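What TrEMBL says about this protein:
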type	residues	note
TRANSMEM	A:24-46	transmembrane segment
TRANSMEM	A:66-93	transmembrane segment
TRANSMEM	A:105-124	transmembrane segment
TRANSMEM	A:144-167	transmembrane segment
TRANSMEM	A:206-229	transmembrane segment
TRANSMEM	A:249-268	transmembrane segment
TRANSMEM	A:289-312	transmembrane segment
TRANSMEM	A:324-345	transmembrane segment
TRANSMEM	A:352-371	transmembrane segment
TRANSMEM	A:403-424	transmembrane segment
Amino acid sequence: MSVDTTDVSRETLVRPIGTLSKQYLLALVAALGAIGVWVFFYLQQLQHGLIVTNLADWGSGGGVPWGLYIGAFIWWVGIAHGGIILSAAVRLLGMDRYQPVARMAELLTIAALTCAGVFILIHVGRPDRLVTSVLPAWPTRVQWSPLMWDVTVITAYFVLTATYLALTIRYDIHRLRDRLPDQLEPVYAVLMVGYSEREDAIVERMVWWIAFAIIIMAPLLLHGGVIPWLFALLPSMAGWAGGVQGPSFLSIALTSAVSGIIIVAASFRRAYGWEELVPVEVFRGLAKWLGFFGLIFLWLQLQQVITGIFAAPTTLQHATEVKIATPVYWVAIGLVLAAMLYVFACSLRPSLFSIPVLVALSFGVLVGTLVEKVLFVVEGLQHAHFQLYDGVPGVYVPSPVELSALLGTVGIVVLFFLVVAKVIPVVELHAIEAAHEGGDDA
Amino acid sequence: MDDEGRLPFDDQSETEMRRVLSETEYDTDLGLEMARDAQRVVAGELSDAEFYARYHEDMLEEFGQDARELPELRDDLDGEVVSETSDATSVRESLAALADREDVSRRELLAKGGAAAAALSVFAGAGSGSGGEHGDTPTDGDGTRWGMVINLNNCDGCLACVSACSQEHGLSRGANWMYVFTYEDRNQDDENFLVRPCQHCTDSPCTKVCPVGARHTRDEDGLVLTDYDICIGCRYCEVSCPYGVNYFQWGEPDVPDAEIPNEHQLDDRGKWVGSRPPEGVMGKCTFCVDRQDGQMGEERVGTTACEEACAMDAIHFGDLNDEESAPNQHLHEYRGEQENDRSSFPDRTEHTVSTFNLLEERGTSPNVHYIGNEPSPHAEQVEGPVSYEDVGLVDDRSEVLDDGAAANEEGEEA
């Protein structure tokens, strides 16, 4: 079933660009404030080193050298990948129903990848060397280091997504130019360099192929590949090894990305009265995907727990026992489970469905997936195969410095959407055009 | 073994040799004959030249190569050569004993007796199922490969090695590049010790995962080092290491740069790999790379600070590929010292000394070899006879790091 949004006016589409509300300013202040808090703490880290975090050496020190920073990195990359997979699926599989949220998903990908990059930057001890050390080493290290695979694939991904976005924006800007603010003319001029309407058909095909590449790359290579391989390939930690990490990471990525899109789309819908542009059917559809991905997520967790406790090798068994004895793990599982159950209940009784409830549950899912990812990293490091250290497992609670980065990156995403929404339409023009019939009536 | 240092070629051993040889692709009679003559070479009854003249063509026919071109066969002599064929001792020990009597270096004699070695290796290759491909010492190929044999039976847990290491490299408190566990284990009443430097693995996960190649294996001698100039401080090496030997420099180092002379920091390639790391960079045991490069004098090449400090003769550092090196010699001597009544118990293996590599099943090929018992999965670390605090060290580094973080926060408020 497709959702007909073709009679929505172009004024509705560009509504965020022309208006300025109190809520907008409030959100802007909140986002800047969040970023400010993080910058304040990060300056301390720059000044004193990573000693201001609660990270420490594993081994005789009993700490964890990777913690919230890496957990949040994986989480943001997951959101990013899931977002673009959804957008690419819309284009490839003709899932027109989701056309109104496709661009938001793409924008979320860009913002989330940026946040993932921020976490790498603040995670390393020598951020000043990220360029001077990484670039010269690339040709010789890329075939070895899973971290270099990550950097490579994520960079390629960022470029693909940005290209995808830039190409599709041109079509819209050209046709909506008279409704866009003149002050931003220089920005549009850059975005529209060399544009002619003859490129539309070509771009359409190019974008199809980019979407195709994304669909191939993201599940197989990125969140089902290099990100889990960061852990799954190591000989050191009992809870990390194993082929299930790929599917498991991917399921978490998709679950959190759908939640992210639901929240972004619902926010715009509410802020700009977009009931027609992003109809409730879009959310009902997204909810089903959330329920389905949540089911896969829970199923893969079950796989890991069962194989980890039933006659498993001692170190794996120990790691799994600790995992299931950790209350906050069950909080994470419970949050995803709650969303899944709600979605399935709505399928049986559609009257139960409400967007605010879905949004609240989506927040819960995002908290749950973040907790699961941080636990995966931290508890993984606390249960090495080599068990002799008395200090292991030590205690790790993220420091204010680390937590502030989480706040800061959420601020970055909000700020990103607030700014972008004032410059380009966050919903594709295609969404209100009947079946891509063109759009030369500008 | 008779007085001449020869293996007993009695009926029983000959039967055994025939059995072993018959399972190989080699000619049984030829092998036996060569082994006998090889013994004569060792005993000085037969010259090298005569031996070669006698067997050159046979060797070519049988092995496709003469002994002089078969270093790998000769290497096998370093291993458990005829462990299955000699009742009371090994050929290697015969050769070594002879060398001592004749006052020639063992290595020279081994080289000289290369043909004999080759002949005798037939047995080693065919028979020693338990000896491993490199026999009973950790030799493996040519070139220097620094490593250790640590005799845990000798360790008394005094922590002198930990102190010496910390002092020599200017380590920050709690960054115990050398670390000594005292532990209790199931079915063992005694206190046990495990001495844990970096294992300088041949197949080191840390060098594989390093995104920038800062953690690397030095080609010339197998040392696993960190290039402090390019390390980005991602700590992936630390995460991938199964042994927990890495210590990140979380804050400012306790010992300032100005107090560490350049020659301790730069290796013979001019890379900054020695002494404690700067802030934001990973550090770990370097096997005293400055010593190995001769920066602390020629007499200290082939030694480490921990080895020097060890009064109990537990730590033996040297070139594992050199039969004469301290670790290999210690292994031989220690094995020789242990009672093993094989005349009453002929089925016993040649050695009764327990040796192991730490977490061998992780596939890292460590270059630290232990004599003693491997801690079981049930082992638990306990307070040692000498505590880290007693000798001015910090055991649990997180205490220092927590203090550091708190101090910084207070500093901010002040």
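Placed from the backbone N, Cα and C atoms, the Cβ positions cover glycine too.
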Check the transmembrane segment (A:66-93) against each of A:24-46, A:249-268, A:289-312, A:324-345 and return whichever range has the most CB pairs under 8 Å. A:249-268
Quickly jot the same-chain residues contacting the transmembrane segment (A:24-46) by Cβ under 8 Å, restricted to those at least six beyond its ends, or write none. 52-53, 122, 271, 400-401, 404-405, 407-412, 414-415, 418
Hey, which bits of the same chain come close to the transmembrane segment (A:403-424), Cβ under 8 Å, at least six residues off its ends? 16-17, 24, 27-28, 30-35, 37-42, 68-69, 72, 76, 107-108, 110-112, 114-115, 118-119, 122, 169, 172-173, 184, 187, 191, 264, 267-268, 370
Stretch among A:105-124, A:144-167, A:206-229, A:249-268, A:352-371 sharing the most Cβ pairs under 8 Å with the transmembrane segment (A:289-312): A:249-268
Other than its close neighbours in sequence, what residues sit by the transmembrane segment (A:206-229), given a CB gap under 8 Å and a spacing of at least six beyond its ends? 74, 77-78, 81-82, 84-85, 87-89, 91-92, 146, 149-150, 153-154, 156-157, 160-161, 163-164, 167-168, 245-250, 252-253
Outside the transmembrane segment (A:105-124), six or more residues from its ends: residues with CB under 8 Å to it: 42, 45, 66, 69-70, 72-73, 76-77, 79-81, 83-84, 86-87, 130, 154, 157-158, 161-162, 164-165, 168, 257, 260-261, 264, 405, 408-409, 412-413, 416-417, 420, 426
Are there residues at least six beyond either end of the transmembrane segment (A:352-371) with Cβ under 8 Å to its Cβ atoms? List them, or say none. 71-72, 75, 78-79, 252, 255-256, 258-260, 262-263, 266, 269, 280, 283-284, 286-287, 290, 294, 297, 328-329, 331-336, 338-339, 342, 345-346, 406
Residues sitting near the transmembrane segment (A:249-268): Cβ under 8 Å, six or more positions beyond its termini, same chain? 16, 74-75, 77-83, 85-86, 100-101, 104-105, 107-108, 112, 219, 223-224, 227-228, 274, 278, 282-283, 286-287, 289-290, 293-294, 296-297, 300, 336, 339, 355-356, 358-359, 362-363, 365-366, 369-370, 372-373, 417, 421, 426-427
Other parts of the chain folded back onto the transmembrane segment (A:144-167), taken as Cβ under 8 Å at six or more residues beyond its ends: 77, 80-81, 84, 87, 103, 106-107, 109-110, 113, 116-117, 134, 137-138, 191, 203, 206-207, 210-211, 213-214, 217-218, 221-222, 225-227, 229-230, 233
